[in-house]
Amino acid sequence: MLEFETNIDGLASIKVIGVGGGGNNAVNRMIENEVQGVEYIAVNTDAQALNLSKAEVKMQIGAKLTRGLGAGANPEVGKKAAEESKEQIEEALKGADMVFVTAGMGGGTGTGAAPVIAQIAKDLGALTVGVVTRPFTFEGRKRQLQAAGGISAMKEAVDTLIVIPNDRILEIVDKNTPMLEAFREADNVLRQGVQGISDLIATPGLINLDFADVKTIMSNKGSALMGIGIATGENRAAEAAKKAISSPLLEAAIDGAQGVLMNITGGTNLSLYEVQEAADIVASASDQDVNMIFGSVINENLKDEIVVTVIATGFIEQEKDVTKPQRPSLNQSIKTHNQSVPKREPKREEPQQQNTVSRHTSQPADDTLDIPTFLRNRNKRG
């Protein structure tokens, strides 16, 4: 029998801090989508832009330095503005168990201030996750270079950094999509990155995760990637899972990850079988020693849609810095259970959660191959 914790006081405090224009827009998208269980903070050097934020806490940083006129696309100004307002930022983030720092990289405030804010959050003891976008190529070389510097600084400051490559968003949207709509979609993907994680902890669902589970997957894990899959119809769970692990947003195959966090969100008709089916597809595509946790959330607004979000953490830097390997086709990346997968070095940490989908080197009996991995494990325990 499943047991549910009802200790309300034990809920993790999650704060989302949007930094600069892109971060503020992502926070607005989250509020519009009624993302539950998180506190929102909007931070900007531009007082006028800050007034457009829907966040309950709005914080103008670097008032003396910028006089509320913005950072002029200069990351150094953004950095100094955050340093000027350090005490104000500390006060806003105090008491948080988990802090998401979300920003668009390449401009002044997001690029310069976000790493400073992330470091403050981490110093306060919060699990700190950065969710940032890399600018579109058409935004110019200067923004690309500034973004690279900002991303590098963010990696040093956070536990896990999810980088969303805006150019890959163009592979998702239609070719005739107006430029404003493309930027809006980039903000929306930022929102999905945060919501995909926060919902698992803060929103009641079929399968919820402990904050400790998420912490294990995301503490001090460095680079991370995100894939999103959406599907409807008869085979919607399998389709959404396949789309998530072959998402253009994933710049590397998920079998290179040390940890995988998965969110399966559907309407009130989402079945437990569909959750099992989606989770098993993602588990099969992952390294056999991966530490994987998953959860499921009910969103009444989705009706027939299923959304699968996969956050893959702990990529080894050398693998990504070398000439980028081509993302494998779906058929290559989904490994069947009876294929042996070579173990990767360095050795992974042993999974610690109950929800972890553990991969065994011993092969299951043929007649159990159709049963999802974690169901087989549960049957063995039973």
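Including glycine, each Cβ sits where the backbone N, Cα and C put it.
With G21, G22, G23, N24, N25, G108, T109, G110, E139, R143 listed by Swiss-Prot as binding GTP, the candidate from D187, D199, D210, D213 annotated for that site turns out to be D187. With every protein chain in view, the residue among the binding-site residues E139, D187 whose Cβ has the most Cβ partners within 10 Å turns out to be D187. Working note on the binding-site residues N25, T109: by count of other C-beta atoms within 10 Å of each C-beta, T109 ranks first. Take the binding-site residues G21, G23: by the count of other Cβ atoms within 10 Å of each Cβ, the lowest one is G21. Residues G21, G22, G23, N24, N25, G108, T109, G110, E139, R143, D187, recorded as binding GTP, reach a greatest CA to CA spacing of 19 Å.
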